[in-house]
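What TrEMBL lists as domain 'Orotidine 5'-phosphate decarboxylase' is 13-235. The substrate binding site feature in TrEMBL is assigned to Asp19, Lys41, Thr128, Arg188, Gln199, Gly219, Arg220. Taken from TrEMBL, the feature active site, for OMPdecase activity applies to Asp68, Lys70, Asp73.
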Amino acid sequence: MREIRERLGLKNPLCLALDLTDRGQGLALLRDLGPLVGMVKCGPVPYLSWGESFLSTAEELGIPVFLDLKWHDIPNTIFETLSRLPSPAIRMVTIHAQGGQAMIAAARRALDASESEPPALIAVTLLTHLTEVEVKEMGYPSREEGVARLGSVALSSGADGLVMSPGELARARTRWGGTPYFVTPGIRPQGPIGARDDQFNARSPREALNEGSDLLVVGRPIIAARDPREATYSLLADLG
Ligand SMILES: O=C(O)c1cc(=O)[nH]c(=O)n1[C@@H]1O[C@H](COP(=O)(O)O)[C@@H](O)[C@H]1O
């Protein structure tokens, strides 16, 4: 099977998270900005409101979709779910690393059984909003250690890559090398000083790329901007 980055063949590392409930607004942004970015992300918010038209429009325009439904279930359910992806436009999917070895291996088997080239299988380690205090309450000694443990399980069970916050990237690259595909939400134009919303450890696009990210997931800095097109160009300019 071809190497993951080659398989995805994205035009740039920006992924637009269209977390919008309004179908008209969402489709307009998909048509306008989708052709500018490497990927568009369809999470649960658009999927439940206008998912079918999201996928058919992306398919029609040839825009790669990251279907981000973060599955976390028993292996049989995961296998059946991932055997039925609804559109060939879907080039990346997420599962939770906390589902463990058997669940992740079931996801891998389901994707590998498809006749076409499988989408990237990406495991969410610790959600980016979680603070050090919260992860300690959950039983991990620190964010870094939690990402290391969950990431090791996921990568050794067949995941192509991981979601983590940009603050964990540098250590993750040292630990796992250049092969795994790293996806980072928590991207903010002005880095740690700018508006972070609920994102812990935010970084600018350039900082995240320098620290080893492959895909920068950006939602509100674009979709809530006064001029989303201008915001997209400005983020792309930061990527150089
Ligand atoms: O899997 C994700 O995309 C994801 C994982 C995670 O740990 N944190 C996280 O923020 N996300 C998603 O990344 C996007 C970030 O959006 P903004 O914070 O608006 O830029 C949202 O769609 C989140 O659902």
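Glycine too: its Cβ is placed from the backbone N, Cα and C atoms.
Caution: TrEMBL annotation is automatic and unverified by curators.
Around Thr128 (substrate binding site), the same-chain residues at least 6 positions away in sequence with a Cβ under 8 Å from its Cβ are Val163, Met164, Ser165, Thr184, Pro185, Gly186, Gln199, Phe200, Asn201.
Checking the recorded positions Asp68, Asp73, Thr128, Arg188, Gln199, Gly219 against ligand 1, the ones with a C-beta less than 6 Å from an atom of that molecule are Asp68, Thr128, Gln199, Gly219. Taking the C-alpha positions, the distance from Arg188 (substrate binding site) to Asp68 (active site, for OMPdecase activity) comes to 20 Å. Here the C-alpha separation of Lys41 (substrate binding site) and Asp73 (active site, for OMPdecase activity) works out to 21 Å.
Sequence-distant contacts of Asp73 (active site, for OMPdecase activity), defined as residues of its own chain at least six apart whose C-beta falls under 8 angstroms from its C-beta, comprise Thr81, Gly99, Met103. Least packed by the Cβ count within 10 Å, out of the recorded positions Asp19, Asp68, is Asp19. Sequence-distant contacts (6 or more apart, same chain, Cβ under 8 Å) of Gly219 (substrate binding site) comprise Leu16, Ala17, Leu18, Asp19, Lys41, Pro185.
Of all the recorded positions listed (Lys70, Arg188), Lys70 has the fewest other CB atoms within 10 A of its CB.
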